[in-house]
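**Q** Here it is, the structure, as structure tokens.
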Amino acid sequence: MEKAHTKSALKFVKASSQSAVSWSSTTTGMGNPKASSKENTKPQEFRLHTQQRAVKRAMFNYSVATKLYLGEIQKKRIEKLQKMIDEEEVKLLRKEMVPRAQLMPHFDRPFFPQRSNRPLTIPREPSFLKYCSNGLYPFDQAHAWKPIK
């Protein structure tokens, strides 16, 4: 059995090696004159946009820096103007305000508060009836008016 198996394997190897040799000789193109006359391909030149992007980025950075600088100048102008206005107001207030001495209190006539003429308030228990008009509270009206002991 082994011999039959090895014989068939050898036949297959021989057949496949012969077909491979015949196939490789036809596809190499050594005998074909058209394949050897083919020229090498030359790459086309391409241009990157890095230089253009660098110029645009520089212009953008310059515009941002200019905006920031102008904003700082404007802020300084506003602060300077506000400071001048505040100084002018202080000068006017100092001219208008004249320091005057406070009058001395009268120690010979001390202040005695007078008793009020209103009657004293009488305490009473709070009524929850106006709050339980919808019946949420479970107690009767009689329980709400218990006197304070």
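Every residue gets a Cβ built from N, Cα and C, even glycine.
So TrEMBL lists these for the protein:
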- 1-47: region 'Disordered' (REGION)
- 16-28: compositional bias 'Low complexity' (COMPBIAS)
- 36-47: compositional bias 'Basic and acidic residues' (COMPBIAS)
- 46-121: domain 'TPX2 C-terminal' (DOMAIN)
- 71-98: coiled coil (COILED)
**Q** As a quick check of your reading of DSSP, tell me how many residues in the compositional bias 'Basic and acidic residues' (36-47) are helical, how many are strand and how many are coil.
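**A** Helix, strand and coil residues of the compositional bias 'Basic and acidic residues' (36-47) number 1 helix, 0 strand, 11 coil.
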**Q** Quick one: mean pLDDT on the domain 'TPX2 C-terminal' (46-121)?
**A** 92
